[in-house]
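Peer 1: Let me begin by handing over the structure; questions about it come next.
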Amino acid sequence: MENIVLIGMPLSGKSTLGREISKILKYDLIDTDTLIEKMEGKSIKEIFKIYGEDYFREKELEIINKLKKESNKVISTGGGLPIYNKNIYELKKIGFTVYLKVPLEELIKRMVKKGEDTRPLLKNNDTKFLEEMYKNRIEIYEKAHTIICNTNHEESLITIVRAYKKWKGI
């Protein structure tokens, strides 16, 4: 499949970079969390509160299975999607996976700046929880086809598009 799949921690810039990449490549943007919200008619926060995390992860798996038929898309995943059910391997079948690696200190700054957030796993700006999440997820994220270690938006954008074109053989 010829898709770009963006993975990484919450607040790593997946949605923002996804929008820009989709404009450059003239690909449709798919945000997995937004798709789940539309399917369920509820926000992610409400889904977690009413049905729990396991239910939400089942919905993510449904989304992955639907995406296997897609091509020429930029897919921005929820931060936990690659982690559960060995989804990282399924995502790599869907397209070129890009891990947006942002230093923990920068993620904490972004979380504090944003304040109370709609992300259910980042409630109450719990920096210790974010730190644990980071440590637990990094090994799986690093299985992506490429890793972008840059907090500069424009440089990241250029690097991702170049790496994708190289992967695709353009």
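Note: Cβ is positioned from N, Cα and C throughout, glycine not excepted.
Sharing the features that Swiss-Prot gives for it:
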- L11, S12, G13, K14, S15, T16, R119: ATP binding site (BINDING)
- S15: Mg(2+) binding site (BINDING)
- D33, R57, G79, R137: substrate binding site (BINDING)
Peer 1: Considering only the binding-site residues L11, S12, K14, S15, which fall within 10 Å of G79 (substrate binding site) when distances are taken between Cα atoms?
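Peer 2: Of everything listed, what lies within 10 Å of G79 (substrate binding site) (Cα to Cα) is L11, S12, K14.
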Peer 1: Reduce the DSSP letter at K14 (ATP binding site) to three states and note it down.
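Peer 2: It is helical.
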Peer 1: Near G79 (substrate binding site), how many other Cβ atoms are within 10 Å of its Cβ?
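Peer 2: For G79 (substrate binding site), the count of other Cβ atoms within 10 Å is 21.
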Peer 1: Record lists D33, R57, G79, R137 as binding substrate; longest Cα-Cα distance in Å?
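Peer 2: Those residues reach a largest Cα separation of 18 Å.
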Peer 1: What is the one among the binding-site residues S15, T16, D33, R57 whose Cβ has the most other Cβ atoms less than or equal to 10 Å away?
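Peer 2: Of the binding-site residues S15, T16, D33, R57, the most buried by Cβ count within 10 Å is D33.
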Peer 1: Rounded to the nearest angstrom, how far is the Cα of D33 (substrate binding site) from the Cα of T16 (ATP binding site)?
Peer 2: 14
Peer 1: So, three-state DSSP: helix, strand or coil for G79 (substrate binding site)?
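Peer 2: Where G79 (substrate binding site) sits, the three-state DSSP reduction gives coil.
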